[in-house]
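Notes for the one structure printed next.
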Amino acid sequence: MDARHWPWFLVFATFLLVSGLPAPEKFVKDIDGGIDQDIFDINEDLGLDLFEGDIKLEASGRNSIIGDNYRWPHTIPYVLEDSLEMNAKGVILNAFERYRLKTCIDFKPWSGEENYISVFKGSGCWSSVGNIHAGKQELSIGTNCDRIATVQHEFLHALGFWHEQSRADRDDYITIVWDRILSGKEHNFNIYNDSVSDSLNVPYDYTSVMHYSKTAFQNGTESTIITKISDFEDVIGQRMDFSDYDLLKLNQLYSCTSSLSFMDSCDFELENICGMIQSSQDSADWQRLSQVLSGPENDHSNMGQCKDSGFFMHFNTSTGNGGVTAMLESRVLYPKRGFQCVEFYLYNSGSGNGQLNVYTREYTAGHQDGVLTLQREIRDIPTGSWQLYYVTLQVTEKFRVVFEGVGGPGASSGGLSIDDINLSETRCPHHIWHIQNFTQLLGGQTTVYSPPFYSSKGYAFQINLDLTSPTNVGLYFHLISGANDDQLQWPCPWQQATMTLLDQNPDIRQRMSNQRSITTDPKMTDDNGSYLWDRPSKVGVEAFFPNGTQFSRGRGYGTSVFITQERLKSREFLKGDDVYILLTVEDISHLNSTAAVPGPVPTTSTVHNACSEVECQNGGICTLQEGRAECKCPAGEDWWYMGKRCEKRGSTKDTIVIAVSSTVTVFAVMLIITLISVYCTRRKYRKKASAKTAAMNLENQHAF
C-alpha cells in the first residue's frame, strides 16, 4: 500500500472495528484458505498413492494385525525429527497428552530401543499399521497435517488400527456409492474380514476418528458414503478427538485397566459423592442437592434434562453468620507426575462476599494428619450462572483436594454450589474465554473479540471468533500491544497458541474438544513483506477496547473453518447457552532441535533387506529374530497359521477332529489287541485242557 494512503486506511479500519464490523480483508490470514481439508484430501492433492489414503504398506502387502506380535509396548519410544515444522512438534506433544489422559499408552524420547517411531515431515500425513519391527518406523506429519486429531489418527494406525469403514460388518451401517468414487480409488473402500483386523466386539462407530468422511475420494460433489442412520451423515469423518468406542477398542487391545494421567471425576450423581468426605475442622457441611430456590435451578452435568437426576454440592450461606465455613475433601489421591490440574464449575447464588478456597492436604511421614496448603482463593464470584475454574497444583505426596466455602458478612439468600469436578495430571490452560448468550451471537453473524490476555512470557494477545459465515466458525490469534512490549523480543519467536473449544462433558475422559494450534515464526512475512509477528504498534491496526482504551492489533492468524456450526451445536460445546474457549500460549523454542539420537541407530534398510527374500503367506509379517528373517503368522481365537512361511492353516475344529480320530484309532487298536489277547489265551487253555484229557485217557487204558 502507498504510504500516503496509510493514514486513511487506519481511520477506516478504526471505524469498522469500533462499529463491530470486520476490518478490510478482515485483517486476518487464513492458513486453510477457507477449505477444511481432511487427511485424504491433503494426500490426494500431493498425488500420493497410499493404501486407503494414508497407510504405508510394507513390501509384503496388507498384513494382519491380529496377535501380540504387532503391538507396541505400553511405553512407545519416539523421535521428533528436525524436519518437522515447529508447530507440528508442539501439536504432537499435545496429542501424546490426550493418549495419556484417556489410555495406558505412554510415549518417551527414544534412548536406543530396538523399535521406535520416527516422526518426520514427509509428503502428506501417513503411517504404517502396527509395530512392523523395522527398527526405525516412520510416521509422516507433513504440511497442513499439524492438527491434533490428525496426529491421533496416524498414531492409531501405528498402534494397530485400520479405518473404521473397512471392518467386516460395515455394510450393515453404511452404503458405499461406487459410481461417485474417483476412478482408480475404489480399492480404498474394500472390506476386510476378521482374519485381517479385529473389531474387538465393539459396535460400529460412526463417530470414530478413524472413519472416512462422507466426501472421501469423491469424483464430484455428492457423497461417497451414506450412513444408514441419516443423523450420522455429517458426523462421520470427525477430526476432533477420540470417540468413546475408539478408546474402548484401544484400551481392550492393549489391556488397559486405567489411564495414565487421569485421577478423578465427579458429577455427584451417586449418593457416595465419589468418596468425598465432610471435614471435621469446619462449622457447616456441604449438601447434595438437585435444586436451590435461590439458584441454581439445576445441576451443570445434565442441565435439568434428565428426570430424577442432576445433583451438585451446595454450601448454604443464607444463615448470615459471617465466617461460617464448610470443607469438602476428595478421596486420597496418589500423584505420579508432580503437576496436576483441578477443574470444576462454581455457582454463586449468595452475596458477593462469599468465597471459595481450594486447598491440598498433603500426607508425609512426618505429617500423618496432612499439611493443608492454600492453592487458590476465589473471590468476587459472578452470580446467577455456572462458571468454569481451573486450579494448578504441584503435589508430589499422596493428597486430598479440599474445597472450603466461606460465608461473607451480611444477609445472603443462597450460597455456593460446585459440580463436575475433574482432576488430572495435566497442565491447566492459561486462560478461559467464557462467552455467554452464544446462540444470539451465532445468529447475528458477527465477529467477536476476546478480552486481552498475557502469555507466560509477557506477550499480550487477543482471540477473534468469526461468526460471519452461515456454515462455519472461524478462529484467529492476534498479538496486541501490551505493557511489556519494550522488554520483549520482536518479531515474536516460537510462541505456540493453543485454542480449544471445550466439550463440556462432565467426565474429562469422554470429551471430544476441538483444538487448533498456531506458532509464531519470527521469519514469517506478510503479503507486503513485513514480519507477520512483529510488534503490533509497528505492523498492526488501531483498535479500541469496549471501555474506549486504544491499542494496536496485529494481523490475525488462524482458520475460517475451525468448526462447522452443525458440529458446534452437537455434543456439549454449547451448554446453558455458554461456550468456553481455553487458551494457552507457551514458549516452544526448546523444540528447535529434537532429533539428537544416542548410540548406534537401527536402520530400516537392514530389516527390509533381510526380509526381501522372504515372502510370508496368508497375511504373515516378516520380522527379524536375532538377525534371522522369520514369518510371524496371524492367529485368531479358533484358528491360526503355521509353518515356515505361514502356509499351513490350523483350527480348533481340525484339532478336535484329529484328537477324536486319534482317540478312536487308539481305541480300535487297543480293542484289536485285547481281542487277539483273549483269543490267544482261550486257545492256549483249550490246548492244555485237550492235553490233560488225553493223559487221563491213557491212564485209564493202563488201568484195564
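Heads up, the Cβ atoms here are built off N, Cα and C, so glycines get one too.
Positions annotated as active site by Swiss-Prot: GLU154. Under the heading domain 'EGF-like', Swiss-Prot lists 607-647. As annotated by Swiss-Prot, N-linked glycosylation site applies to ASN193, ASN219, ASN316, ASN422, ASN437, ASN528, ASN547, ASN592. What Swiss-Prot lists as transmembrane segment is 655-678.
Distances between the Cα of ASN547 (N-linked glycosylation site) and those of the glycosylation sites ASN193, ASN316, ASN437 are shortest for ASN437. The glycosylation sites in question are ASN219, ASN528, and the one with the fewest Cβ neighbours inside 10 Å is ASN528. Burial estimate for the glycosylation sites (ASN316, ASN592): highest at ASN316, by number of other CB atoms within 10 Å. DSSP assigns ASN592 (N-linked glycosylation site) to coil in the three-state reduction, outside any helix or strand.
Neighbour density at the Cβ, taken as the number of other Cβ atoms within 10 Å, is lowest among the glycosylation sites ASN193, ASN422, ASN437, ASN547 for ASN547. Long-range Cβ proximity for GLU154 (active site), meaning a same-chain Cβ under 8 A and a gap of 6 or more residues, is found for ILE39, ASP54, CYS125, TRP126, SER127, LEU139, SER140, ILE141, CYS145. Note on proximity: of the glycosylation sites ASN316, ASN422, ASN528, ASN592, the one nearest ASN193 (N-linked glycosylation site) is ASN422, by Cα distance. With respect to their backbone Cα atoms, ASN592 (N-linked glycosylation site) and ASN528 (N-linked glycosylation site) stand 27 Å from each other. In this structure, the C-alpha atom of ASN316 (N-linked glycosylation site) lies 63 angstrom from that of ASN219 (N-linked glycosylation site). Averaged across the domain 'EGF-like' (607-647), the predicted model reaches a pLDDT of 57. Nearest by CA distance to ASN422 (N-linked glycosylation site), out of the glycosylation sites ASN219, ASN437, ASN528, is ASN437. For the pair formed by ASN219 (N-linked glycosylation site) and ASN528 (N-linked glycosylation site), distance between Cα atoms is given as 38 Å, rounded to the nearest Å. Taking the Cα atom of each, ASN437 (N-linked glycosylation site) and ASN528 (N-linked glycosylation site) are about 39 angstrom apart. According to its DSSP assignment, GLU154 (active site) is helical.
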